[in-house]
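Written out below as structure tokens is the structure these notes cover.
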Amino acid sequence: GARLGPQGGCAPPAADNRLKTTKYTLLSFVPKNLFEQFHRLANVYFVLIALLNFAPAVSAFQPGLALAPVLFILAVTALKDLWEDYSRRRSDLAINHRGCLVFSREEKKYVHRFWKEIHVGDFVHLRCNEIIPADILLLSSSDPDGLCHIETANLDGETNLKRRQVVRGFSELVSEFNPLTFTSVIECEKPNNDLSRFRGCIIHSSGQRAGLHKENLLLRGCTIRNTEAVVGIVIYAGHETKALLNNSGPRYKRSQLERQMNCDVLWCVLLLICMSLFSAVGHGLWVRRYQEKKALFDVPESDGSSLSPVTAAVYSFLTMIIVLQVLIPISLYVSIEIVKVCQVYFINQDIDLYDEETDSQLQCRALNITEDLGQIQYIFSDKTGTLTENKMVFRRCTVSGVEYSHDANAQRLARYQEADSEEEEVVPKGGSWSQRGSIGSHQSVRIVHRTQSTKSQRRSGSRAEAKRASMLSRHTAFSSPMEKDITPDPKLLEKVSECDRCLALSRHQEQPLAHLSPELSDVFDFFIALTVCNAVVVTSPDQPRQKVRVRFELKSPVKTIEDFLRRFTPSRLTSVCSSTGGLAASKPSHKSGPSFLSSLSSDSVFLKLEERLSQPTPSIASNGYSSQAESWAPEQKPEPGQERELRYEAESPDEAALVYAARAYSCALVDRLPDQVSVELPHLGRLTFELLHTLGFDSIRKRMSVVIRHPLTDEINVYTKGADSVVMDLLLPCSSEEARGRHQKKIRSKTQSFLNLYAMEGLRTLCIAKRVLSKEEYACWLQGHLEAESSLDNREELLFQSALRLETNLHLLGATGIEDRLQDGVPETISKLRQAGLQIWVLTGDKQETAVNIAHACKLLDHDEEIITLNAESPEACAALLEQCLQYAQSRAPHSTPEKTEGNVSVGLFPLCSASKSPVSGPSLSLVIDGRSLAYALEKNLEDKFLFLAKQCRSVLCCRSTPLQKSMVVKLVRSKLKAMTLAIGDGANDVSMIQVADVGVGISGQEGMQAVMASDFAVPKFRYLERLLIVHGHWCYSRLANMVLYFFYKNTMFVGLLFWFQFYCGFSASAMIDQWYLIFFNLLFSSLPQLVTGVLDKDVSADVLLLEPQLYKSGQKMEEYRPRAFWLNMVDAAFQSLICFFIPYLAYYDSDVDVFTWGTPITAIALLTFLLHLGIETKTWTWLNWMACGFSILLFLVVALIYNSACSTCYPPSNPYWTMQTLLGDPVFYLICLVTPVTALLPRLFFKALQGSLFPTQLQLGRQLAKKCHKSPKTPKDTFAQGHLPREPKTELSRGSTGNPSESPSRDCALHTSPHMQQPPACSPKASGEPSAVDTSMPLRENNLLESPGSSTAGEAVSGECPRDHQRKRLGTSQAVPLSSLFSLPNLSSLGCVSSLSLVSGLGSVLRFSRSSLHVDKRDSEFLSNPPQPEPDLSGLQRQTAEYL
Amino acid sequence: MAMNCNAKDEVDGGPPCAPGGAAKTRRPDNTAFKQQRLPAWQPILTAGTVLPTFFIVGLIFIPIGIGIFVTSNNIREIEIDYTGTEPSSPCNKCLSLNVTPCFCTINFTLETAFEGNVFMYYGLSNFYQNHRRYVKSRDDSQLNGDSSALLNPSKECEPYRRNEDLPIAPCGAIANSMFNDTLELFLVSNESDPTPTPIVLKKKGIAWWTDKHVKFRNPPGGGTLEERFKGTTKPVNWLKPVYALDLDEDNNGFINEDFIVWMRTAALPTFRKLYRLIERTNDLHPTLPAGQYYLNITYNYPVHSFDGRKRMILSTISWMGGKNPFLGIAYITVGSISFLLGVVLLVINHKYRNSSNTADTMAF
């Protein structure tokens, strides 16, 4: 590691803090930039071709002229680089010239310096709200506890404050830190980019060593908050800072389309070589024929000899390559980049992707994979924070085996939801107190925080306005009253206060806790654990604290009352709340407030209760207790404003939710210092726990622990909070003999069942446990832990081991259920994405039950779906289970086999056919797999099977998966299925998955910016994904695909003209088109219109795309740009070039026309043909398109006219003097220019029209419908929603069947089902009573099986009486299957592969049947109320189209 | 496209950037352009929408085609091949190279009179004037009268740049291979009169005006043309030096119009070049009355060796130039095809429309 001596600033010039992100200097620009540009193969190719031109024997153009386009392209790129470098330089300069106070040894004081002048080893003095200029080791803070808070938003976007700590050994200093007395040596690791880790040690002059951690380090780019002043020593400066090492710039990926394009470029190269070879051979033959004949036109070599045919052929070959170089589109790459930049611009500018609440819009971080968005096939989504809001709300808890359902709380939450969706008036109108009070008060509280907290200073003004606007628009995402304010369960509240009272009474006795019953003791511990076991930072508006200020003073009653008055002036309240509810502002604290407040809440039972409880408080508190808090706590406590001032900032929202929950039970966290935590209870007063250790949360252990000394018992307690799966395993084994043990066991099993219940409700569960350590145990553990802490090498590993030693033999206290609400619009988005043919996999670290329930909530799983659950304990079991599932899946498959053949025909030609098919293709499969099984399934020998199974499932849910597994799954799908994948997530645990996927999307949400930093696109909310993919993805893909195709067409057609001419010029590589036109044609004349089209063309409008998501499939199937399209395009190009060559040829045959007077009309014709062709391909004509086309023609004319009159002797050999002018006076010129483009494009137009009428693609239908609806007064929504949604499942089905070659053989196994499949509720007898959407679909499919493929069965389906019988029969059989399979369960369990979880979930879903069938009924009635109109429409269309076949 | 500055702002963008960004919301502008809502015409290519185009094309093209065809058919044109490869041809004797100069005479009859100005062309076939090396082999500066280029022609002219250490003027293969047959036309007034009437062939006005007056210039200086071309030698194949191409001072040297016409290299291997003009003298008589004519040829130009053909063409002209039946036929054909396709589309549209209408009524 680096070693930093005490001499600090006097050290030899260590790295300074200058920021230099520029790549070039004035001198190095040209060579370096050129060098970089030549990394692109295309540039090398073009330069080589241009250089080839310098060889006289093969030169086709004037050498200088041939270089022009390459130089132009290089120059444009260089200019762009230069400009970028310049703007970087400017921002560098601005950053380098920021000032800060640096200690100067000469002047013995802090002097003002620029950032760039800071060196490693300098002492830097920073004040509140200053930005940290380098990575600084915190040596001194004005904070009384040696703390410093920083906001890392600039670094990772996390807005919560992070606490930093003065280096051990300096925090104890009483006097102000004096840099002159600093004599320690600092050793630290080499600069690295790991933001979350810093290791090092400081060796004091006494030889004492102290470890340094990331808690001691202030990172560059962060902002000091809540702390008056800090002093630190610079450890890393400039480019060695972690912030800059993390800055790798935007990512570069090659999109799939580009890869395909490169492949086609290679085809073009091949074509070029073929053409040149053909020409060369032709020329060789030609030379041999005329060589001996003394032809007058045969030009010998300069020495008079003539070339041998072979040499001539070789020369001709090279010249041909030069002449035909246009075939490789030099401007293609540049154009594509321009188009992509514009696309990125438009995506960024889309107002529908702008999130008002967070004032953020979509960010495109990768600039060159926009079109990949249009081809995604698989979406891998994280759950927490991605599908859900990651706003944790405490829902219910169980303590000591007793469940507290918190019904009032649930009601309150439900009301929030209503308030979300309903009108604003709900707030004043709402009948009950709790709602009015809570919403009103919290808005006011929020405002207080907003205006008071230093954090929000930066974004005051319009930002706050946006907040308020969002609040008014009833989005609760950012507002947190919901989280903060929990309505306690009366039973539990009573128990808590009972504990409180008992303890308060017995606190002076030896064993205060012993007087409590075990249950009450558990309750007490439970809440202490909730309050203490976390890393929540308590902040209050009076920050920053200063060393000089005495703590008591700060909290003097007067001050708080003043605060109270100041904060609750009526004007502020009314302005925000506009309801009397604001007066109840202080209520939710559940503290007894001033009487006028409590009078408002007379109807609230628990408040009365609480009031009553709080009465005796002063008397108890005045008993006096020998703790530090004792003396001032009684006065301070009853202040009504006090608690509101506390604000909890937690790193994870779960923690905050729990702390707020505890506060609701009057167990409030009031202060947290590095070594102590203060908790306030109504009767006990302030309890200060000595905090011995905090073992932070990590995703491997999945738990966190604190070690504290209990102030009442003086015992050393360990409180652990963690995932239930982990904590349950760490519990103290209890013997079943003794009664206590049995009781414990009972409690555990009860808790476990409640946990399962919570999980089924989709709650996040946490277990709370406790361990009492004896002094000896603690001392023993401490020794090991300290060793681990101070070790430099594998500190992490040792600390992990140490944590494991501590967290064993736990005593279970209880469990909590926290709700993570779904984000707005998630179910809708998922169903839209589904319709768009995207497979959505959810990969989550959560429990299986939680995940399954969230999946149900967001419609990822349907209740009528069969869920395959894979829970295996061993690889063998997993293999067996997979095998079974596969068999089952295949047994279902034969239904779709007959459709396969038909599907190939109909879908390929006119996919509309499928519209008349069954609206629902029967119950589909879903796969749920847990982390352990996933690990087995991802092994080499099983991955194929797993994938095969997953492919047949509509949705896949991987629970309990680690970040690594997430990325492995993505990688597997990407590599094995060759599918385009998109990963979306918001947290650090999704980073690996985001990086692996073709397209990574980060959600700039609650959990910081790590995911965003790794992503290609960052969206504010999950729901924006819909528009991003379905609209922008589709547009980007279709625009780019069409543009690339057009490019190939254009170049091929142009080169074709030259090639045909070779037949009439002895294959001599002569060109009838003037070299200037030849070289600049692509670059100048024909480039603008295609760019405009490439940027602006919209094949289908955004509304239609959103209404008919299945249009997205065209991108997935690469319909617009596939090999067939490419080759058809090439053939068309060849045809058009034939026309464009031979019409002028025949028109001028045997006339006195000269080469260039003939070539110029051909150029003009080519230009017109290109524009017309583009016109046919353009779907949207804006004025920009017209302008661009007009400009192109005009530019050609103007350039030609100027060029042809500029010089009469220049530009050998063409010398086109006055050619254009002559041509403009020649009627034949106009006649040719009219007839040729029309002739060339008639076939294309005709076939386009035919195809548009007879075999319209989905996209064309979409456009037609859009137009129709635009004209008709009908709202498009109804039409589309009804008309085209049913089309979707069938196509998916047929696609699934085509991808599954081995279905038919397994038809025999149809009844061989596995126990893990649940039959869909659609088959329940209830549903058969009336025809439901599901039911009608089944006979439909059977009809399809029976009848010859191709004939439409839609008519019968709609009339629909007879299929009922089919349906009944079918129901009978299908019902038998699940029963038998359920009963066969015991046999199979001998395999050892059926875990208890799957059983439970199985039962759960059986239970759910009744509920979901009700759902079905409801839906049916809706369905029937508006009869299925759209089907005839589509079937009619299809019949028509079928006739034309 | 590296846009690193953005990324850096995220990391290091403190107050200088942040307040600016935070002052106003990042809400994108709601303009038609930025939201891609520009008013647009969105054609959908179906039979119904496209068929008018086909009919319009047909309706426009067929009349134009007929017009062109009629015009072209009204042009009188006669073509006489005088290569002499057939033994019966009077010029057959000239094929052997040892007879120089060789004269031959071809008789031909005009069935109808040629009205208006008549253009006399010579036509060559299988002559690759568009060969890459051939096209390049000239020096425009020299032809433009540049004195330095006159004595030091461009390298492009190799191997016809210098001859016996004297620069060739005009240099290059094009000039060297200049057509040098002389064609004369006589009208046999009547059978009885043995002395035919020579037809006046105008030598001037056959080249582009800009070529003659801008592009091609004799070397500057006073004195005779011969003096101005001093220090140069004639091209190898030429019989006379460049300053002896014509007697007329205004049609001699580089600005000799036969030479200029030759220097405008033909686009295709079969081509014709304007040789002479036969202007109508008075309105009462046709320029070339019907009857018998002699074509007197001074046969110098060897094309037989490379299977070339030589022709003499007499043609009247119209507003669109010489006879060209192709363009008219092309227009008529394309117009008819377009019309036909239009009918096909109409039928399709008719059927399709019916069905889609019923579908519509069912759907809505």
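Just so it is clear, glycine is given a Cβ too, placed from its N, Cα and C backbone atoms.
According to TrEMBL, the feature transmembrane segment maps to A:41-59, A:265-286, A:306-328, A:1044-1064, A:1126-1149, A:1155-1176, A:1183-1203, A:1228-1247. If you look up TrEMBL, you'll see A:Asp382, A:Thr384, A:Asp986, A:Asp990 marked as Mg(2+) binding site. Positions annotated as ATP binding site by TrEMBL: A:Asp382, A:Lys383, A:Thr384, A:Glu655, A:Phe697, A:Lys721, A:Arg764, A:Thr844, A:Gly845, A:Asp846, A:Arg960, A:Lys966, A:Asn989, A:Asp990. The annotation region 'Disordered' is assigned in TrEMBL to A:419-487, A:617-646, A:1266-1372, A:1417-1445. Feature annotation from TrEMBL assigns compositional bias 'Polar residues' to A:432-455, A:617-630, A:1294-1304, A:1345-1354. Annotation source TrEMBL lists compositional bias 'Basic and acidic residues' at A:636-646. The domain 'P-type ATPase C-terminal' annotation in TrEMBL covers A:1012-1257.
All features noted in TrEMBL, drawn onto the structure.
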{"residue": "A:Asp382", "record": "Mg(2+) binding site", "DSSP (3 states)": "coil"}
{"residue": "A:Phe697", "record": "ATP binding site", "DSSP (3 states)": "strand"}
{"residue": "A:Arg764", "record": "ATP binding site", "DSSP (3 states)": "strand"}
{"residue": "A:Gly845", "record": "ATP binding site", "DSSP (3 states)": "coil"}
{"residue": "A:Arg960", "record": "ATP binding site", "DSSP (3 states)": "coil"}
{"residue": "A:Asp986", "record": "Mg(2+) binding site", "DSSP (3 states)": "coil"}
Site of maximum Cβ density within 10 Å, from binding-site residues A:Asp382, A:Asp986, A:Asp990: A:Asp990
Contacting positions for the transmembrane segment (A:265-286) when only residues 6+ beyond its ends and CB under 8 Å are counted: 309-310, 312-314, 316-317, 320-321, 324-325, 327-329, 332, 1048, 1051-1052, 1055, 1059, 1062-1063, 1066-1069, 1126, 1130
The one of A:Thr384, A:Asn989 whose CB sees the fewest other CB atoms within 10 Å, among these binding-site residues: A:Asn989
Number of other Cβ atoms within 10 Å of the Cβ of A:Phe697 (ATP binding site) across all protein chains: 20
Spatial neighbours of A:Asp382 (Mg(2+) binding site) among the binding-site residues A:Phe697, A:Arg764, A:Gly845, A:Arg960, A:Asn989 [C-alpha, 10 Å]: A:Gly845, A:Asn989
Candidate with sparsest Cβ neighbourhood (10 Å radius) among A:Arg764, A:Arg960, the listed binding-site residues: A:Arg960
Cα proximity to A:Arg764 (ATP binding site), best match among binding-site residues A:Thr384, A:Asp986, A:Asp990: A:Thr384
Two-stretch contact, the transmembrane segment (A:1126-1149) and the transmembrane segment (A:1228-1247), at least three Cβ pairs under 8 Å: yes
Selected stretch (most C-beta pairs under 8 A with the transmembrane segment (A:1228-1247)) from A:306-328, A:1044-1064, A:1155-1176: A:1155-1176
Rounded to the nearest Å - Cα separation of A:Arg960 (ATP binding site) and A:Thr384 (Mg(2+) binding site): 12
Alpha-carbon spacing, A:Asp986 (Mg(2+) binding site) to A:Gly845 (ATP binding site), which is rounded to whole Å: 13
Nearest of the binding-site residues (A:Phe697, A:Gly845, A:Asn989) to A:Thr384 (Mg(2+) binding site) - Cα to Cα: A:Gly845
